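**Q** Starting off with a structure, shown below.
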Amino acid sequence: NLYQFKNMIHCTVPSRPWWHFADYGCYCGRGGKGTPIDDLDRCCQVHDNCYEKAGKMGCWPYFTLYKYKCSKGTLTCNGRNGKCAAAVCNCDLVAANCFAGAPYINANYNIDFKKRCQ
């Protein structure tokens, strides 16, 4: 769920508050439209697509609880998660790891969505 995703982000990117990722680019934090503006925004587009795929499986990705572990910046989804929990955990894990590897460009935070995301 979104609370667990926030905690996963904190695991992989402890130096930056989670909410910095909630209004970034064209895909981080809102529906998503247009071409991703950078690598971090592309991480969010992939995450959105992953949630969409989980939804098509009959899952509720924003609310599905799952089990995972964070150890020294490394995330692991619990192998005993059910079908939906496993799918959503994997979406969040991949995104949190992607965030950790992508540069954060301050100018791409809180952009003019209507102008830049067509």
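Any Cβ shown, glycine's included, is placed from N, Cα and C.
Okay, these came from Swiss-Prot:
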| type | residues | note |
| --- | --- | --- |
| DISULFID | Cys11-Cys70 | disulfide bond |
| DISULFID | Cys26-Cys117 | disulfide bond |
| BINDING | Tyr27, Gly29, Gly31, Asp48 | Ca(2+) binding site |
| DISULFID | Cys28-Cys44 | disulfide bond |
| DISULFID | Cys43-Cys98 | disulfide bond |
| ACT_SITE | His47 | active site |
| DISULFID | Cys50-Cys91 | disulfide bond |
| MOTIF | 52-69 | motif 'Coagulation factor Xa binding motif' |
| DISULFID | Cys59-Cys84 | disulfide bond |
| DISULFID | Cys77-Cys89 | disulfide bond |
| ACT_SITE | Asp92 | active site |
**Q** Tell me the residue counts in helix, strand and coil for the motif 'Coagulation factor Xa binding motif' (52-69), as DSSP assigns them.
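**A** Split into helix, strand and coil, the motif 'Coagulation factor Xa binding motif' (52-69) gives 5 helix, 2 strand, 11 coil.
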**Q** Can you see whether DSSP assigns Cys77 (disulfide bond) to helix, strand or coil?
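**A** For Cys77 (disulfide bond) - judged by DSSP and reduced to three states - the answer is strand.
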**Q** Would you mind reading off the Cα separation of Cys91 (disulfide bond) from Gly31 (Ca(2+) binding site), to the nearest angstrom?
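**A** Computed Cα spacing between Cys91 (disulfide bond) and Gly31 (Ca(2+) binding site) is 16 Å.
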**Q** List, in sequence order, those disulfide-bonded residues among Cys59, Cys70, Cys89, Cys98 whose Cα sits within 10 Å of the Cα of Cys44 (disulfide bond).
**A** Cys98
**Q** Using a 10 Å radius around each Cβ and all protein chains in view, which of these recorded positions has the most neighbours: Asp48, Asp92?
**A** Asp92
**Q** Compute the C-alpha separation of Cys26 (disulfide bond) from Asp48 (Ca(2+) binding site), stating it in Å without decimals.
**A** 11
**Q** Pick out which of the disulfide-bonded residues Cys11, Cys84, Cys89, Cys98 has the most other Cβ atoms within 10 Å of its own Cβ.
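**A** For the disulfide-bonded residues Cys11, Cys84, Cys89, Cys98, the Cβ with the most other Cβ atoms within 10 Å is Cys89.
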**Q** Which are the residues of the chain, Tyr27, Gly29, Gly31, Asp48 excluded, whose CB is within 8 A of where the CB atoms of the Ca(2+) site average out, their centroid?
**A** Cys26, Cys28, Arg30, Gly32, Cys44, Gln45, His47
**Q** Would you find the one among the disulfide-bonded residues Cys28, Cys70, Cys77 whose Cβ has the most company, meaning other Cβ atoms within 10 Å?
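**A** Of Cys28, Cys70, Cys77, the one with the most crowded Cβ is Cys28.
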**Q** Return only the integer: C-alpha distance in Å from Asp48 (Ca(2+) binding site) to Cys28 (disulfide bond).
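**A** Roughly 9 Å, rounded to the nearest whole number.
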